[in-house]
Amino acid sequence: MFGTVVVGVGIAGLARIRDLMNPMPSSPSEHLKLFGFVSRRSFGNINEAKQISLEDALRSKEIHAAFISTENRSHEETIRMFLEAGKHVLVEYPMALSAKAAHELWEMAEQKDKVLHVEHIELLTEEYKQLKKEVAGKDLVKGTLHFTGSVLDESKTGFPAFSGIARLTWLIDLFGDLTVTSATREKQKDKSYSRMTVHFQTANKKPLTWIEERGPGMRREKKINFCFTSGCLENFPQAPRSAVGLFMQDQNLFAKKLLGQVSKEELAAEKWRILRCLDLAEVIQQHCEQPEKICS
């Protein structure tokens, strides 16, 4: 059994507490036992899970793994603390708000022989699994992924290329390695509006565009337009509803890693994808933050 603690009790943290207390029968998650949760706010207990201090969580010999569900900006520091304390770590994406920090943390986990698992539930949705099947084996001509959503507090969530890394993960997972050819960002502070537009090239020199757009009252929505030599895909394929929740699927994958049930090849491919996306997110941020060139 692996003793666990949940750090942060927002929407994701509460889902983690629920799933750890109610593991799927005969699943790897049955090897996880929740010892408590850590929060800056005072709760006492949540669904029989007891609140403990961060110091106790780091010190306890009964706690082997931490589920980090805090604000994006504190992921890096919290991962580092738990790795230094000799704990395995599951963290919600993005694992850090800089590529350098991400590489350092991964290296640290490897040196300490600990599992560092980054949640990417966007790859576990039935919608995405069907899309991946639809795209498989087709030759891309060009494509666009356009996301809209409500306003985020960037002081907590980070630059849009990091907070929106789920979209970048989709593109890398569907089309392989990408190169950033240009990236710009339009901001209207008075309207709390932001639109980031990124242009990529695939390894076969095919163009892909990612648009991340946020503003007050904007519906959370993804639109695709992927054109292949065989035709265009403009709507998501119909997908059945999964019998297993996304956080539970992710928890099972983490437990499998703790139990040594994931192949070295799968682990290496996942590490490459996660770090490559964070590298690209940083390149995108650098492009967007370059001062505009004034042409005379």
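Glycine is no exception: its Cβ is also placed from the backbone N, Cα and C atoms.
In TrEMBL, annotation is done automatically, which means it is predicted and not curated.
Counting only same-chain residues six or more apart in sequence, the Cβ atoms lying under 8 angstroms from the Cβ of A12 (NADP(+) binding site) belong to S69, E92, E119, F247. The NADP(+) binding site feature in TrEMBL is assigned to V9, G10, I11, A12, S39, R40, R41, Y93.
Taken from TrEMBL, the feature Zn(2+) binding site covers C277, C288. For C288 (Zn(2+) binding site), applying a Cβ distance below 8 Å and a minimum sequence separation of six or more within one chain yields F159, A161, A183, T184, R185, M196.
Look at TrEMBL and you will find 3-120 tagged as domain 'Gfo/Idh/MocA-like oxidoreductase N-terminal'.
Sorting each residue of the domain 'Biliverdin reductase catalytic' (128-240) by its DSSP state yields 30 helix, 50 strand, 33 coil. Taken from TrEMBL, the feature domain 'Biliverdin reductase catalytic' covers 128-240.
Within 10 Å of the C-beta of G10 (NADP(+) binding site) there are 12 other C-beta atoms, taking all protein chains into account.
Spatially, by CA atoms, the binding-site residues V9, I11, R40 include one closest to C277 (Zn(2+) binding site), and that is I11. Considering other CB atoms within 10 Å as the measure, the emptiest surroundings among the binding-site residues R40, R41 are those of R41.
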